[in-house]
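The block underneath contains the structure these notes are about, expressed in structure tokens.
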Amino acid sequence: MSESEGAEDAWDFLPKRQSLSQGPPVAGSAPAPETNADSVDDAWGFLSARKAEVLARIDQRGVPEAVVEHRERGEFRADMGGVSLKRRAVPMARVLLLVSVAGFLTEAVAATQIISLGGPRALLIVYPIGGIGLLLVALLQFRFVDQAGRLKVLRIAGLGYASAFVVALLMLGASVVPVVAVAIIYLLGDQLNFLVPLLVWSLAGDEFNVAEGRKVFGWIVAWTYAGQVLGLVFAATSPLLLNQLDVPLTIVLVVDPIVCLVVAFWLPHKLKGTFAAAGLARPESLKASIGSARDFINGVPVWRLFFISSMITFVGGMTLFIGFMSSEEQIIGDDATKLQIYFGSVMLASLVICLILQKFFAERMLEKLGIPGVLMILPLATVFGGILVSVGILTSNLAWLAVGLAAWFIPRWSIDENARRAALALVPDERRTRVSFLVDLLPVSVGLIAAGPVAALGLLTDQLWAVPLAAAIVAGVAVPFAIKVRRGWADSLLNWRLRRRKQNRSSILGE
């Protein structure tokens, strides 16, 4: 007997299966599967055929070369398509470079021409007019900057400035009241330095979100510095060459309308179809536009103190500049060539120091002192600079004059500018441009308007040393306000007006 027959059923404890059918069970054998000789030999033969086909095509055409898109080192790419941040920022960076070249060159050439043609007292008239003009144009742009498309505003502004420069240059070329023509060019150059860059930066703010801006804005600023350096290099070196060619020093000012036309036509063409091409399109009156920014500044006490401190500091700084230009003419004389070389060289050396500060120290200073700590430096430096310029006038020492002007110029265009940009980054997106107009432009305008009357007593009595000393006293008034800003800064960050509205840029990008 086999083992299987003698063994008991191990599964007999289970109930026996009973059929529900009344008839006998039907059993049938399943049909045998159809066999295919090919499938029996190689069930995956279709892969071999596909492989042979691909190899045949490769033999005929070769292996296609993979397209490798090079990235800048450490670069962030916002779109899956691979358009780099720097490539998107190039048009704005190039325009800022050109505007900086034209603006700084114009300031150096026109300022020294005013001193040469009209004397230091001409600044008493030019400065207040410049402040009023800057304020009026700023209000006009302030009215439309968040309503109309940015590019439309930029196009209108560029054409307007180009036309004004052409008229002033024609007056200068025809010797029609040349001191007035030069004064107009100087005033237009002031607006080229302040208003046009603000418009371009507003475009950059539209084009890049916060994360992208942190990576690319520093690179754009580098182009701005490069333009400033080039402008001052031309200002300091061009008189020697132009005098040998017997060409007027003012010939270099023809660059201004050319740059304005580039701003009006080339930049809008390059940015067409980008985020920067459209504004917020919110119909709003000028009163409402100013009111929204004013409510923010009044609603955050620290910002109100910062605003007051800035205005007082810029009154002192502009007065210091008048004192420098007046004493420069007293020591050197009214030779436009010598005045331009000296002034351009002082500004160029100061700007080189600005670049060194930006490269090696600015970020560490901002981290160590904080935004309010860095904002205190400019008022203190203005007090120090005013005293040095006074000493330079009393001793007829050009070196003291240069150091005194540098004490105002260097922090203003480097660490103070960084701190202002960092402070404005805390302002909600929907108000930042307007608050920037008030915080950046209004102090400059008020400084230009008030500097003339403050400096008038010293200039009219020929006591030039009193002008920068008055500047130091005025700037000293701003120091207590700056101290209050530093003390209250941390608490101000809890103010509800600093809360951002969430904006989902990714939905626009289709991410």
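Glycine is treated like the rest: Cβ placed from N, Cα and C.
Here TrEMBL flags 1-36 as region 'Disordered'.
Feature annotation from TrEMBL assigns compositional bias 'Acidic residues' to 1-11.
What TrEMBL lists as transmembrane segment is 95-116 (among others).
Annotated transmembrane segment per TrEMBL: 122-142 (among others), in sequence order. For the transmembrane segment (122-142), the list of distant contacts is 114-115, 153, 157, 179, 183, 186-187, 190-191, 194-195, 198-199, 286, 289-290, 318, 322, 325-326, 434, 437, 441-442, 444-453, 455-456, 459: same-chain residues at least six beyond its ends, Cβ to Cβ under 8 Å.
Among the features that TrEMBL reports, transmembrane segment is placed at 154-177 (among others).
Feature annotation from TrEMBL assigns transmembrane segment to 183-204 (among others).
Taken from TrEMBL, the feature transmembrane segment covers 216-241 (among others). Among residues of the same chain six or more beyond the transmembrane segment (216-241), those with a C-beta under 8 A of the stretch's C-beta atoms are 85-86, 88-89, 92-94, 96-105, 108-109, 197, 204, 208, 249, 252, 336-337, 340-341, 343-345, 347-348, 351-352, 354-355, 358, 413, 421.
Feature annotation from TrEMBL assigns transmembrane segment to 247-267 (among others). Within the chain carrying the transmembrane segment (247-267), a Cβ under 8 angstroms from the stretch's Cβ atoms is held by residues 91-92, 95, 98-99, 101-102, 105-106, 109-110, 113, 151, 154-159, 161-163, 165-166, 169, 172, 182, 185, 188-189, 192, 196, 200, 234-235, 238-239, 336-337, 340, all 6 or more beyond its ends.
What TrEMBL lists as transmembrane segment is 302-327 (among others).
Within its own chain, the transmembrane segment (339-357) has Cβ neighbours under 8 Å at 104, 108-109, 111-112, 115-116, 225, 228-229, 232-233, 235-237, 239-240, 249, 325, 328-329, 332, 398, 401-402, 405-406, 409-410, 413-415, counting only residues six or more beyond its boundaries. The feature transmembrane segment is assigned by TrEMBL to 339-357 (among others).
The transmembrane segment annotation in TrEMBL covers 369-392 (among others). Tertiary proximity for the transmembrane segment (369-392) is limited to same-chain residues at least six positions away from its ends with a CB under 8 Å from its CB atoms, namely 302, 306, 309, 312-313, 316-317, 319-320, 323-324, 327, 398-408, 410-412, 415-416, 418-420, 422-423, 465-466, 468-473, 475-476, 478-479, 482-483, 485-486, 489.
Outside the transmembrane segment (398-415) by six or more residues, the chain places 228, 317, 320-321, 324, 327-328, 331-332, 342, 346-347, 349-351, 353-354, 357-358, 361-362, 365-366, 374, 377-378, 381-382, 384-392, 468 with a CB less than 8 A from a CB of the stretch. The transmembrane segment annotation in TrEMBL covers 398-415 (among others).
Cβ atoms under 8 Å from those of the transmembrane segment (435-459) belong to residues 120-121, 123-125, 127-128, 130-132, 134-135, 138, 141-142, 145, 190, 194-195, 198, 293-294, 296-297, 303, 306-307, 310-311, 313-319, 321-323, 326, 420, 423-424, 427, 465-467, 470-471, 474 of the same chain, restricted to positions at least 6 beyond its ends. Summarising the annotation, TrEMBL assigns transmembrane segment to 435-459 (among others).
The transmembrane segment annotation in TrEMBL covers 465-483 (among others).
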Cβ contacts under 8 Å made by the transmembrane segment (465-483) with residues that lie 6+ beyond its boundaries
305-306, 308-310, 312-313, 315-317, 319-320, 322-324, 326-327, 372, 375-376, 379-380, 382-390, 393-394, 404, 454-455, 457-459
Go through the chain and flag residues at least 6 beyond the ends of the transmembrane segment (302-327) whose CB is under 8 A from any CB in it; none is fine as an answer.
111, 115, 120, 123-124, 127, 296, 343, 372, 375, 378-379, 382-383, 385-386, 389-390, 392-393, 401, 404-405, 408, 412, 423, 435, 438-439, 442-444, 446-448, 450-452, 454-455, 458-459, 464-465, 467-468, 470-478, 481-482, 484-485, 488-489, 491-492
